[in-house]
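Accompanying notes for the structure given below.
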């Protein structure tokens with residue numbers, strides 16, 4: 001039984017470390033995405049700060065990265081783990097909303113919107129679009145890991161409560 005508990009703790013720590021790495025990667029890749037292009041006589045620079053959804057993505061992933069780093073040092077037997085369930089839920093939903101917003105804008109950048117007469121820009125700035133795609137993939141991986149961590153945290157907190165009532 002002790003080896004199972006130790007294996008769970010190691011797996012949980014590994015998942016938290018992977019989530020930290022994924023959110024950190026998403027921030028770095030998105031924050032470094034920029035490219036200059038010329039269309040006819042117009043020059044423009046595509047960068048994440050031009051789009052509020054991409055800024056929100058970077059801010060949200062930055063917050064989750066800091067949280068993920070701090071939780072790595074939280075003692076497993078601490079009462080604060082019950083608080084971690086609530087904060088895992090909040091930060092998972094923050095990741096979901098930021099990825100959703102950034103993905104919607106990325107889709108418009110890639111495909112455009114003929115109804116609004118918005119042209120796609122990814123043909124003009126492919127490096128920028130590829131970096132945004134990479135950041136979104138890293139963010140999605142982090143979101144999936146945080147969902148798994150959330151389910152695991154809920155199980156860890158509720159399991160002893162359920163067993164006490166039986």
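In case you wondered, yes, glycine gets a Cβ from its N, Cα and C as well.
Just so you know, TrEMBL annotations are computer predictions that nobody has curated.
Per TrEMBL, these features apply:
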- 7-144: domain 'Casparian strip membrane protein' (DOMAIN)
- 12-33: transmembrane segment (TRANSMEM)
- 53-74: transmembrane segment (TRANSMEM)
- 86-106: transmembrane segment (TRANSMEM)
- 134-154: transmembrane segment (TRANSMEM)
Contact ranking winner - 12-33, 53-74, 86-106 against the transmembrane segment (134-154), Cβ under 8 Å: 12-33
DSSP-assigned states of the domain 'Casparian strip membrane protein' (7-144) in counts, ordered helix, strand, coil: 100 helix, 14 strand, 24 coil
Outside the transmembrane segment (12-33), six or more residues from its ends: residues with CB under 8 Å to it: 46-48, 54, 57-58, 61-62, 64-65, 68-69, 71-72, 76, 95, 102, 128, 131-132, 134-136, 138-139, 141-142, 145-146, 148-149, 152
